[in-house]
Structures are given as structure tokens and as C-alpha cells.
Ligand code: HEM
Ligand code: HEM
Ligand code: SF4
Ligand code: SF4
């Protein structure tokens, strides 16, 4: 007999009252009308629990660390109780063969019905030998578990884009999971780490509605990745006014001016930090005085300095940004044009001199 | 096409024995477009540069100033004008005279045309003593305009509207039409860089274009600058 979510939550000590609170919280964090609260509750009470298998590859565990710090302890407890904690490297009680047996158990019992959540990514070089757990390359485990999963969640920038372990020249060939898992819906929840409330909301949405959230072109849930940090940043009025910090310790910086000139990547980063914020909504990087580094964007680790507004181009041998390259090219072309003009003038003067000589000679002939 | 082939012109003689003859080449809508387009590009280039490298901060309350807002507004307003004017120019290529089509043509298979391009190249390298005369654009001009402008303008419009879609938001028409460019270029920051490189491509084109226009106006046997103002091409010998 497979339990419903509600039964499991009650068994974990969640009261009916807390359960209802959780349902309204979920509805509001997903941007749903209050009318959805009873629907969420009903789904939770009647639906059999969908286990989540959580795999960890090449990663730093910041996603797990973030997840268990979800701001509302309530949401965290509830969501944790939904997870199949039988297999989660950081959180499971079992170890060794016991743990692997537990995983096999889940795969068999819930075949085609569990959700696979992946933290980190598989390195593919040297037959995947750079990341081994239980004696097998991670890529093999990943593909085996993904084969019978209902859907796959890519936690964080590692699973979604590769992240720092994929930084040039990427010696282990760390590869985002959508390159090795095919034919399954993959939900990317990028960030380094992703915001805990975003993680729990995504999980809750999938479990209660039994479908994946609306995704954008890059496979991210639209509800949390539909806008840039810059679109909702509280320093935006300073940006629009044209008030920028130019050094970390200047007066403008103390006044809380916009960090654009300090290389803030808020204008190019899709994430919910400026609305949901971090640590129970206490703050987020920009509020603490540092620009966004774009940690949820593809390739953020390879896009030059976090402190440059205009990215350096490495294609030109030396590091220079588009303006420096452009000014250099313009100077060369401008110089060439000036030289060409000078040469043209000389040629023309000579030609004219010759012409007048000829004319003079003619005149002399006819005159003489 | 015959427009680049030099022909003998029989026209009225003037005092020193040279012939002056004029042909109506650039019709009014094309000339109007040329100068408006030049204006839009100057506005786009200056404001675009200032978007990436904003001016020094203004003092006072944030609510008292809107510098960055106005600069971006000017960029976007000029961008819309630039894009719509280009659509108008494409329309004119269909209904205008044969010279109005040249901007959009790249006669790749026309051997004669390539020969003329080479001739022009030699002329610019001081290897030909005398320039040729052309009714429309000279082949070298057509060549550079095609690459720098006919391909460059849509490039700036596509990358520009993709950037614009980020502010307009998911589901906006800019997003539906141009949003796909963002993942194609590897994300928003790369898109900014690619759009930014376009600025310098345009700066270089404009320098060469204006230099060539002024130089040929003086050196070659025909008018250029007055042609793009009045529409008439005069051959001076
Ligand atoms: C941002 C600045 C400018 C841009 C982007 C630009 C672009 C163009 C383009 C695309 C054409 C082709 C017209 C067509 O076939 O429809 C053209 C023609 C022309 N432009 Fe410009 N232009 C600029 C500024 C100028 C200026 C300042 C001058 C004068 C010094 C000038 C002189 C000419 C001339 C003489 C032609 C005709 C060339 C010929 O007869 O072959 N342009 N320009
Ligand atoms: C000749 C044409 C154009 C030039 C030279 C130009 C130049 C620039 C430059 C240099 C930037 C700064 C890039 C950076 O962030 O590093 C920029 C930004 C931008 N441009 Fe253009 N642009 C042109 C056409 C357009 C068009 C047609 C659009 C269409 C709407 C457009 C929309 C934008 C947008 C939305 C931004 C970003 C503004 C922001 O980040 O606040 N541009 N442009
Ligand atoms: S601090 Fe960053 S995100 Fe905030 S307004 Fe300035 S550039 Fe945008
Ligand atoms: S503000 Fe930017 S860098 Fe910081 S966590 Fe959010 S997306 Fe990542």
C-alpha cells in the first residue's frame, strides 16, 4: 500500500493546522489564487506519495545545503517528508551496500513513477572516472536512474549548465545533465546554489499538480526565472537616475547607488533573488553591497571578471573588452584613412603639376 | 545589369571642352531615408555607448533624475525608427528605380561585377590612373554596403530586439520573435557583447563610407555627395 502525502506528513508530526498553512504558503509562493488552497490540500490528501531520488555527482553540495535551509521551516519539513530520503548522500541514514540496496528498492517499487533530482553533473572524460560512487562512474548511475524516472530536476548551475567544474579548459569534461539524459522532461533550477524557497516550491508544484511547471526556452520554471535581478532590484531607481557607485568605498557606494559600473550582472541574470531574497528574506548580494555575479546564468564562470560591466574578449589574444578592441580597430582604420588621404593628395598634386607642365609645353610650342 | 558598365555619354559641352551630363539616380524617398537613417545610427551609437559606459553620477535624490532612463529611451526610440525605416527602405527597393535595389543585391555570380570590384580595389590602391564612372553605387561601395549595412543592420535589429525582449518580458512580441537569440548566443551577457561589437563595426563602416564619399566626390569623374542630396549624378568629363 502506497501512502498519500498527507498521511506521511502526519506521521512525521506535521499537524493538520500546519498542513493547511503549508498549502496556502505554497499557493502564494507559486502565485496562485486562494481558491487553489483547497485544491492543493485535496491533492495532498488523496495522491499517493511520489518519491524523489536525489543523486549527487560532481558538485559541492551547496544545493542540498540551500534546500534544507528553506526559509519556512514548515515548508522544509513538509517537503523533506515527501522526499525519499532512502537515498541522498548527505541526508540518508544508510551507508555502503545498504544504501545502494535502498536505491534499487525505490527504483523497482516506483518504476516510472519517481522524480529524479540531480545535484552536480557527470564528468565524461576517461570513461567518467573522475566521479565514482559505489564503484561506478556517476554517468552510469545517472542514466540508469533517469531511465525509469517520471521527470528530472536539474538542481543548480552544475546540473543545468556545468558550473565551475566545467570552466575552461574543463579537464574532466563535466557535462550538464541534459546532454546525457534524453527523452525525459528536465526542469532546470539554476543558481549556485538555487534559492531554497524556489527549490521547495518547484518540488511542491510537481508533487501536488502532478505536472512540471511552465518552462522557458532554456528549461527553467517561468515563475521564478521569468525576470532578471535588475527588473526587481531595489537599487533600480538609482540606475534609471544615472547614479552609480564607481569604487567599493566611494560616497556613491555608501549611499547605496546602483552597482552597474562595478560589474553587477543583475541586468543579465534571470533569477528570483531580488524578490524572494535569501536567508528567510533577510537580504541578497546587492542589498549587502556587492553586485550580482550572475550565478544562475549559463557560463557565468567563464565570462571574465565579475567586476567588469563590459565583458573581456579573449579571442584577441590579449584581454580587452569590446570598447578597447573597437577603439583600437577604429584607430587603425582612421590612421589608414588619413594616410590614404595624404597619399591621394600627393598623387593629385603631382598629376596636376604634370598636367600644367604639359599644358605649358603645348603653349610654348604653339607660341614659339 | 548595366549600371556599373562605363558608357560613353554625349552631353552638352562646357567651355573647357568637357562634357557635363546628369542622370536622376536616387529618388526622393531613398535620399530621405539615407539621411534619416544616418541620424538614427548616430543616435543609436552614442546612446548605446553611454548605456554600456554611463556618464558620471548625478547628485541628489534618485527621483529627481532620469538620465539613464532618457538615454535608454532615446536608444529605443531611435531603434524603432531605424527598424521601421529599414522596412520602408526594403519596400522602396521593390517599387523604386533600379538603383534602389542595389543595396540589397550581392551579384555573386556576376563575373563582370567582380572584375569591377577588383578594378575599384586597384583604384584605391593607386594602381589605376583613372577612375571609372558609375550610374549607381560603384561595385566596391556595393560590396562594403552589403556586408556592413545590409547584413549589419538586421544583425543590430535582431540582437537589439532580443535585448529589448528582456525588459518587455516573457510573452511579449519581442520575446516571441527575437527571444530565441538569447540562448543561441549563450545567454544575456554574451548577447550584450555581440550587440556591442556591432557598434564598432558600424563606426568603422561610417568612417570608410564618409571618407570614400568625400574622396570620390573630389577624385572621380562624377558627383557623389550632391547625388545623395539632390538625386542627380553628374559626370564631369
Ligand atoms: C551614419 C552614417 C551613414 C550611414 C549608415 C550611411 C549609409 C549609407 C547607405 C546604406 C547608402 C546606400 C544607399 C542606398 O542604396 O539606399 C549610402 C549611400 C551614400 N552615402 Fe551614406 N551613410 C551615412 C552617412 C553619410 C554621410 C555623412 C555622407 C556624406 C559625406 C554620405 C554619403 C553617401 C553617398 C554619397 C552615398 C551614395 C553613394 C553612391 O552614390 O554610390 N553618407 N549611405
Ligand atoms: C546601429 C544600430 C545600433 C547600435 C550601434 C547599438 C548600440 C548599442 C550598444 C553599444 C549597447 C550597449 C551594449 C552593452 O550592454 O554592452 C546597446 C544596448 C542596447 N540596444 Fe542597441 N544598438 C543599435 C541598435 C539597436 C536596436 C535596433 C535595438 C532594438 C530595440 C537596440 C536595443 C538595445 C537594447 C535593448 C540595449 C540594452 C539596453 C540596456 O541594457 O539597458 N539597439 N546598443
Ligand atoms: S545594482 Fe545591479 S541589478 Fe540593481 S539596478 Fe543596479 S545594475 Fe541593476
Ligand atoms: S544575486 Fe545573482 S549571483 Fe547572487 S545569488 Fe542571485 S543570481 Fe546568484
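Placed from the backbone N, Cα and C atoms, the Cβ positions cover glycine too.
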From B:9-29, B:72-92, the residue range that TrEMBL assigns the feature transmembrane segment:
B:72-92
Which range of B:121-142, B:143-164 is transmembrane segment in TrEMBL? It is B:143-164
Tell me which range among B:173-193, B:194-214 TrEMBL lists as transmembrane segment.
B:194-214
Between B:32-52, B:95-115, I'd like to know which one TrEMBL lists as transmembrane segment.
B:32-52
Here the mean pLDDT of the domain 'Cytochrome b561 bacterial/Ni-hydrogenase' (B:26-231) is 94
Outside the transmembrane segment (B:72-92), six or more residues from its ends: residues with CB under 8 Å to it:
27, 29-30, 33, 36-37, 40-41, 43-44, 47-48, 51, 100, 103-104, 153-154, 156-157, 160-161, 164
